[in-house]
Amino acid sequence: MKILHGIGASKGIAIGKITLCLNIDNHIEKKTIIDVEAELARLDEAKKTSVEALNAIYAKALKRVGEANSMIFQIHIMMLQDEDFYGAIQTAIREEKLNAEYAVWQAGQQFSEMFSQMDDEYMRGRASDVIDISKRLIRNLDTRLANGLDSLSSPTIVAAADLMPSETVQMDKEMVYAFVTQEGSKSSHSAILARTMGIPAVVGLADQFNELSDGAEIIVDGNTGDVILEPDEATRTDYRAKQEEFIKHQQELKLLKGTKAITKNGVEMEINANIGHPEDVDLALENDADGIGLFRSEFLYMESNQFPSEEEQFIAYKTVLERMGGKRVIIRTLDLGADKQVPYLNLPHEENPALGLRAIRICLDRQDLFLTQLRALIRASAYGKLAIMFPMIISVDEVRQIKGLVEKVKNDLTKEKIPFDPHFEIGIMIETPASVMLSDELAKEVDFFSIGTNDLTQYTLAVDRMNHSISKLFDSRHPAVLRMIEMAAQSAKKAGIWVGICGESAADTSLTEFYVKIGVRELSVTPSAVLELRRAVQQIDIK
Ligand code: PEP
Ligand code: MG
């Protein structure tokens, strides 16, 4: 038995066997081979296995989701058998003497690049399919890389270097007891994803990650960050009891559904949920959230091979608004850049991406994209109680530019006789020290502030939120951060606008009383933390 210590990123306890999912892009090796024929035979064998697997998946999907939705697997089989693609791999083995794994990976990259530049939308959509089939071939060539997040077939504990949002999207949640990762910190987006899914997670294991092996039994304690390798019987029994206790606690919290978050002295708080996908509304409703306090719209962009169209976005926003049935839904405009990249945006390499071209800076730079999103959002306002929020603001000028564009879209829609709600709220995220310092002026421009404590902590303390080696310094309770929050709250109060918090520390119940005292009236947290926070509010009594 061995105990490893990481960062507890999503609460809960899991006991099970590890499935080691190595990221192919980081582990692919380039080798020179001698026996070309043997390498070609290996490739043929991997292709045969891949086609068999795809046929089996197709047959299963046909029964479950019908012909139209299963067609994709037939397309994958055809692509695997495509002369050009397969021929390019064979040529690289024959002429460049490359190992089959690398030859496949290289052809996958080349063909994907080629597809993504085609004019035809259908063909552009094939760019990700060619990557999928390449990965399938590689997994059948190299046993080290055999497991993928998208191919889990029985419930397991996933161990991965990091969780890429693009991979977790394809993952079957039912198959995952817990996550353990080498990279990441409490406020990295992989940790946020795990919390949203309500799956226990320990992140940032760093070098200790190398101790994990495929199939080994482990216990993951997402509360403490402990990972116990090959536990003995006494430890297993101990953790089973802890697991039951945790489940009991969760059941007790369920009794709070239908109650309100009102302090003993009568202050009412709005406890909302943070989501990344329209489907996460299920989790928000299941946990009885008062509304959606942060819909990170960039995930729509990250799951796609190209910019989602106005219509696609409109449907996603409308779905969330309708399903929340008149409760407030705050949708944040796209916050790409830094750790959230999409290849089709073609952002240049940056030395300091967290300080680079990201979020509202991209939107004001690429106004065509921004206007498309604003149109989709404002059209969706007709279907519920929408509020639009803008990230990474550092100046009054940015807010005025944004408001000008919002007015333009409203005018266009009016001329086109497209319905929308003219009274939707506009707010900004307070997540840069500049926005705090200017909060008195910014408050006069908008309807609300939502404090993003993840980035506000990062920028106030100059501590990278992604860097696990300094994760101890990443402290959202640091006095400098708390003073920033208080200053923004005071500015909001003076201007008569409401202020909320949507960063991860909104869920820190040791800060709830402080937040209530300084005038914060909305807290938005991962869905699974809503009821715990409601209970914390109900216990507060400010004399
Ligand atoms: C934040 O920075 O606190 C925030 C809520 O936004 P994100 O975590 O998506 O950067
Ligand atoms: Mg942020």
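Every residue, even glycine, has its Cβ placed from backbone N, Cα and C.
TrEMBL: automatically predicted annotations, no manual curation.
TrEMBL lists Arg296, Arg332, Asn454, Asp455 as binding phosphoenolpyruvate, and of Arg465, Arg477 the one it places in that same site is Arg465. Scoring each of the binding-site residues (Glu431, Asp455) by how many neighbouring Cβ atoms lie within 10 Å, the top position goes to Glu431. Over the domain 'PEP-utilising enzyme C-terminal' (252-541) the predicted model carries a mean pLDDT of 95. All chains included, 24 other C-beta atoms sit within 10 angstroms of the C-beta of His189 (active site, tele-phosphohistidine intermediate). In this structure, Glu431, Asp455 are the recorded positions from His189, Arg296, Arg332, Glu431, Asp455, Cys502 whose C-beta falls under 6 Å of some atom of ligand 2. Among the binding-site residues Arg296, Asn454, Asp455, Arg465, the ones whose Cα sits within 10 Å of the Cα of Glu431 (Mg(2+) binding site) are Asn454, Asp455. Between the alpha carbons (Cα) of Asp455 (phosphoenolpyruvate binding site) and Cys502 (active site, proton donor) lies a span of roughly 11 Å. By the rule that a residue counts when its Cβ sits under 6 Å from some atom of ligand 1, the recorded positions Arg296, Arg332, Asp455, Cys502 yield Arg296, Asp455, Cys502.
For the domain 'PEP-utilising enzyme mobile' (154-225), residue counts in helix, strand and coil come to 22 helix, 19 strand, 31 coil, using DSSP.
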